[in-house]
């Protein structure tokens with residue numbers, strides 16, 4: 001038994017090391033790649049200072065943090081709701097952030113600065129989160145709380161559809177670009193949004209013990225003495241914050257929160273002491289690679305990153321499911 005535990009521990013360490021190397025390689029490639037390839041030796045030239053440090057670095061950091069936040073949010077949702085199909089958009093938080101952003105675009109007639117749009121997206125996500133916490137205080141079961149989140153998401157989706165239908169052509173272009181996701185407008189002015197993600201990410205990565213108990217199921221977690229009401233509220237609030245900030249930075253990006261935790265579990269990373277940091281590393285790496293593809297796929301335009309993540313990731317996910325089912 002001890003030998004098996006040591007083997008599993010060594011395997012977990014190897015996985016984390018491999019994911020760390022992958023993330024570093026993706027980060028370096030993201031800084032080098034673009035319309036002009038700039039190798040690390042040219043980063044401190046005048047051209048490198050402009051393209052790498054002023055344009056590519058803030059975008060790369062935003063992609064890294066958003067990928068980590070979405071993947072960790074997916075892992076938290078899947079443990080909390082005991083559902084492998086749970087993901088950040090399931091509770092309606094992503095759509096809530098979208099409603100806040102769309103309201104800001106329409107009411108501000110496209111004239112609001114980026115920081116104001118970001119605050120409105122966060123406010124929309126937090127409003128949905130507060131509604132969910134109100135349901136949670138009524139001691140609803142996990143399944144009913146999940147259904148409440150799905151219903152809120154449907155309502156927010158309907159509101160976004162109505163807003164797009166009545167918007168002008170200029171607003172519609174901006175809204176459609178947001179709904180497909182993208183990091184094209186990210187620069188150092190959004191650094192406050194990036195900083196807002198870091199403490200919550202670090203805190204959740206340190207909560208492996210309650211997450212492992214939640215993964216056993218609600219009944220087992222209660223029997224082990226876990227205060228379900230407290231942890232449900234805290235985790236829903238933390239997820240709402242991360243998703244709201246991510247939407248404010250990049251718009252709606254699917255797939256990462258659903259598939260990354262599931263893929264890592266299929267690879268044997270079930271302990272949240274390893275799964276949570278693994279999700280952060282894998283989510284950051286996957287979104288960095290998707291962002292590179294989005295930038296380089298077309299010569300004169302940039303693909304929406306949400307389309308890239310779904311196109312590249314869905315076949316891999318299906319292959320892993322078929323492989324695990326053999």
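Each residue, glycine too, has its Cβ placed from N, Cα and C.
Within its own chain, the transmembrane segment (13-35) is flanked in space by residues 43, 51-52, 56-57, 59-60, 63-64, 264, 267-269, 274, 277-278, 281-282, 284-285, 288-289, 291-292, 295-296, which lie at least six positions past its ends and keep a Cβ under 8 Å from the stretch. Annotated transmembrane segment per Swiss-Prot: 13-35 (among others), in sequence order.
The transmembrane segment annotation in Swiss-Prot covers 55-77 (among others) and is backed by sequence analysis.
According to Swiss-Prot, the transmembrane segment annotation covers 90-107 (among others). Here the transmembrane segment (90-107) has Cβ contacts under 8 Å with residues 77, 81, 116-117, 120-125, 127-129, 132, 146, 149-157, 159-160, 163-164, 167, 171, 174-175, 178-179, 236, 239-240, 243-244, 247-248, 251-252 of the same chain, all six or more residues outside its ends.
Residues of the same chain lying 6 or more positions beyond the ends of the transmembrane segment (111-133) and with a Cβ under 8 Å from any Cβ of it are 91-101, 103-105, 145, 148-149, 152, 156, 185, 189-190, 192-193, 196, 233, 236-237, 239-241, 243-245, 247-249. As annotated by Swiss-Prot, transmembrane segment applies to 111-133 (among others), with the evidence given as sequence analysis.
Sequence-distant contacts of the transmembrane segment (146-168) (same chain, at least 6 residues past either end, Cβ-Cβ under 8 Å): 81, 83, 86, 89-96, 98-99, 102-103, 105-106, 128, 131-132, 135, 140, 175-176, 179. If you look up Swiss-Prot, you'll see 146-168 (among others) marked as transmembrane segment, on the strength of sequence analysis.
Feature annotation from Swiss-Prot assigns transmembrane segment to 188-205 (among others). Residues 54, 58, 61-62, 65-66, 68-69, 72, 76, 114-115, 118, 122, 235, 238, 241-242, 245-246, 248-249, 276-277, 280 of the same chain, all 6+ positions outside the transmembrane segment (188-205), place their C-beta atoms under 8 angstroms from a C-beta of that stretch.
Among the features that Swiss-Prot reports, transmembrane segment is placed at 242-264 (among others), with the record citing sequence analysis. Packing against the transmembrane segment (242-264) from elsewhere in the chain are residues 15, 62-63, 65-67, 69-75, 77-78, 84-89, 93-94, 96-98, 101, 117-119, 121-126, 129, 177-183, 186, 190, 193-194, 196-197, 200-201, 275, 278-279, 282-283, 286-287, 305-306, 309-310, 313-314, 316-317, 320: each is 6 or more residues past its ends and has a CB under 8 Å from a CB in it.
According to Swiss-Prot, the feature transmembrane segment maps to 274-296 (among others), an assignment based on sequence analysis.
Positions annotated as transmembrane segment by Swiss-Prot, on the basis of sequence analysis: 303-322 (among others). Here the transmembrane segment (303-322) has Cβ contacts under 8 Å with residues 177, 180-183, 250-256, 259, 262-263, 266, 286-287, 289-291, 293-294, 297 of the same chain, all six or more residues outside its ends.
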